[in-house]
Structure formats: structure tokens, C-alpha cells
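Q: Got a structure for you, written out below as C-alpha cells; questions coming shortly.
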């Protein structure tokens, strides 16, 4: 009952109301998702902002906050992935320290354990890493990951399996 | 797969990613997203969201006095909906510079007892002052750099003058802390006019605080670009003009710090160990700028071009060209007064199509075109 009411209410939102509501509920987690994929908060924020602007523009077609969230997630993941691919190309030509080297203060707040996991994640190919982030940070099901990334469920499975294998190896070594 | 180790692996992954993610505290960007969304909706009228408004300074003079709101840098999404309105016209005027009620505001920063090192001096907490109040829909000036050199040299004239940068101003409507938001635009956005740019791109603003006599602008990250001394000075002024403009107070010096530390060499040139003063407008501000119409604006055939100029003998020249038909309109107008920054305006009757309007000065020395500002508009 309550849910029904809620849905009717939500679908009567105009684009501006939807923007504010979805922003309030999901902006932070989307930026964090982007930051995990890119390891660059500034760029992640830019990408998420662009996605919200795009969502606002097509609200008349989405008309549903759940769809809007799925749309945003897909937009953010796609943009992060293409940005990453670009960075890989750049990286090959210019060996450099990461632009987002965390400040000492931030680094101190991280536990050694997290450090190891994040370091290990960096060694993964882009698709495997994306699958892992969506699974463990996004808490998405295989089907949702497949939709978000535009790949088959079978590929999600195999990327996840390969990523798990490499991560386990790395993490066990380093203990 | 066997259950047990997998469970702990899952748990480890989940914990690590959430912990890593939680370190990210995005700044509130709802106002900006809203502004961009609105601009997008109006694509038919192609009005850029950075308003270039003639006398728009009126109306929105910032509500600035002494502020009590303490910012712990927690502009997370949650707070955004309830961002304080312009209600903070608080009573007290001068801030006691010695009392430090904000001692515990940033627990993650270095302890106060840490002795200042030779190169980098930590600005003492009590001198950091307080942040400005939040506002909603505040109109702030944002300054950009533009090249002063001629774009289209007058026929026969040789432009030998080295390209010198000058400051150009646009307006932006922001919500939140006006100066912080203005600097954020300057460091992360495009101006809306392709001729204007910012050498602060890539810098990341942290806070803007005021204490008696000084405004402290703290960056998480300063720009890393190295510049020649002349350009570096103007680029530093870009920040000072923007911050002072947003605070509506050009009397206070600006101290630039990075994570609370002063003394970095800005752009490889500018010494920031002490506060910087505002330079004379005549030395850094563009001598001619068009304030209306805005870049990309869609207009009717009668166009009133308005601007500000400090012109020799009060003469501002203009040229408009239809980029399709190559039709040209030329002329000149006068500013209210010579040599000083005063307004000018002229009317044009234009045929439909894309037009580029240029306003410029003619050098009394060699007759060359200098200090061009240009806008491209679409005439219906």
C-alpha cells in the first residue's frame, strides 16, 4: 500500500523534483562508485554531474526513480570506463605518478587491509575491476551488472571468477 | 567453490571497497547540476548558464558580515537540501581574531603544536577565521584570462606587442558559499566564452575563510602549471579578483594556502608566504569587455551591445561580421569617460545568421588593434 502510494507520487514528479530527490538519495554513492572505478574524485564528480544533467533531460522518458538510478549508474560506469581506457593510453606514453596520489593524511586513515585490496584491484584489467566494484560496492546482482555494463551474464560470471582468482592469489601472497 | 574462504573473501572485498569509498566526500553540486539542467532545457534560446549580465551587480550584493556557521567540510549530499538560506545577516561585525572557537573544526589536520618548518608555514588556526555564510542563487563574478593581443590586426598595422593576458569577467549564479563556489567554477569549468580560459584548472578549492584583514583561500591542490612571471601575476590576480568579487569586498588581502600551509610558489613564480594584494584594475583588467550579449546568445536583429572599457580618448571601436555572408558592420562609440573603466553601448541592426562582434581599442602608438573582446551570437 505505502509502496503503491509512493510510486504514484514519484511518477508525478517533474524533472526538477526528480533531480533533487534522486540527487539527495544517490549523488554521494554514485560519486563514490566513480571514484572507485577511476581513483580520481574530481573526475568522478564531473562524470556524475554530467550523468545527472543527462538524466534530467530525459526524465520524460524515464518517469521512474528506479529507472533513473539504473540510467545514472549505467551512464557513470560507461563514462568512467571510457575515461579509464583513455588514461591507459596516456599512461603508456607518459610514465607518471598518479594524479590522485592520496595525501598522507588520507592514506593514514586507510587500514592496511583496505590498502592491499585496493592495490590488488589496480592490477586487474578494466572489465574485471568494474565487475568487482559493482558487485562489492554496488551490491548488484549478476543480471544488474550485465545490464549496467552492457555485457552478458556469462561474461560477468567469467570476469568475476578471473578477478577473484587473481585477487586471492595476490592477497594471499602479501599477507 | 568451497564456502568458507569465499565468504571471508567476499566480506573482505566488501569491507575494503566500502572503506575506500567512504573516504570520498563529494562536495555539494546540486545547484550546479540544476543550473546546467535548466540551461540544457533552454537549448532553443542557447543561453549559457554563466550569465553575462550588464548591470546585474545590483540586487544580489552578497550578505556578508561576520559569520558563525562553521564548516567542517561536510557538504555531503544529505545536507544539500537544507542549505541555509541567506539568513545569516548576523549582527557582530569585526571578528575577534584571537579567540579560536573553531579549534576542533578539522580534526584531521596537523596538530597545532607542530612547529612551522622553514619552507612551509602552517597558518595558525586562530588566524584562519570563519567561512562566509551560505546563500542561495547569489550572483558572483568569476574572472578569466583572455589574451589581450589583436585577433584581427588592422590592415597595414604590425602588431609586435607580445600577447599579454588580461582579466575578463563573467557572472554565475551559485548556491552555497559564494566565494568557494566562484573559485570552484574558476578552477573546474569552462567560461562559456571560448576566448576566456583559466590557468587554475586542476586546482581544488577547500575553504575560503575571513579573519580581520585577511581572506584565506585554502586549496586541497594548487595548480601545478609553471608560468612566466608576468602571466603568473595576472593568474594570481584572477583568484584575488574572483574571491574579492564574491565577497563584495576588495579591501582585504588574500592569503593562499594549500592544506593550511602557506608558502608554495604559485605557478612556479608567485610567493604566497604572505597575503597578496589586489592589483590596480588598469594593470590587469581587460581594457575592453563586452558584457552583453552573451556568447552564443540568440537575438533579434536589433542588438544592443554593452560593455565596459578604459579607452584612450574614450573611443571604443567595433566590428561585426556575419560569419556566413561575410557582411561587415564597423563603427566606434564612446565610453562615458576616457581612461577610466566606464560603460559603453552601441546598437547594431543585423541580418539573420551567426555574427561575431568585436569591440577593441586602436593603439595610439601604431594604429594596431588591441584589447579585443569578441562574442559570437546567432541572429534570428
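Backbone N, Cα and C define each Cβ position, glycine as well.
All TrEMBL annotations are machine predictions without curation.
TrEMBL lists these features:
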DOMAIN    A:23-85  domain 'RNA polymerase sigma-70 region 2'
DOMAIN    A:116-166  domain 'RNA polymerase sigma factor 70 region 4 type 2'
Q: Please spell out the DSSP helix, strand and coil residue counts for the domain 'RNA polymerase sigma-70 region 2' (A:23-85).
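A: So the counts come to 58 helix, 0 strand, 5 coil.
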Q: Could you put numbers on the helix, strand and coil content of the domain 'RNA polymerase sigma factor 70 region 4 type 2' (A:116-166), residue by residue per DSSP?
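A: Within the domain 'RNA polymerase sigma factor 70 region 4 type 2' (A:116-166) the tally stands at 40 helix, 0 strand, 11 coil.
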Q: Over the domain 'RNA polymerase sigma factor 70 region 4 type 2' (A:116-166), what does the predicted model average in pLDDT?
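A: Within the domain 'RNA polymerase sigma factor 70 region 4 type 2' (A:116-166), the model's average pLDDT equals 93.
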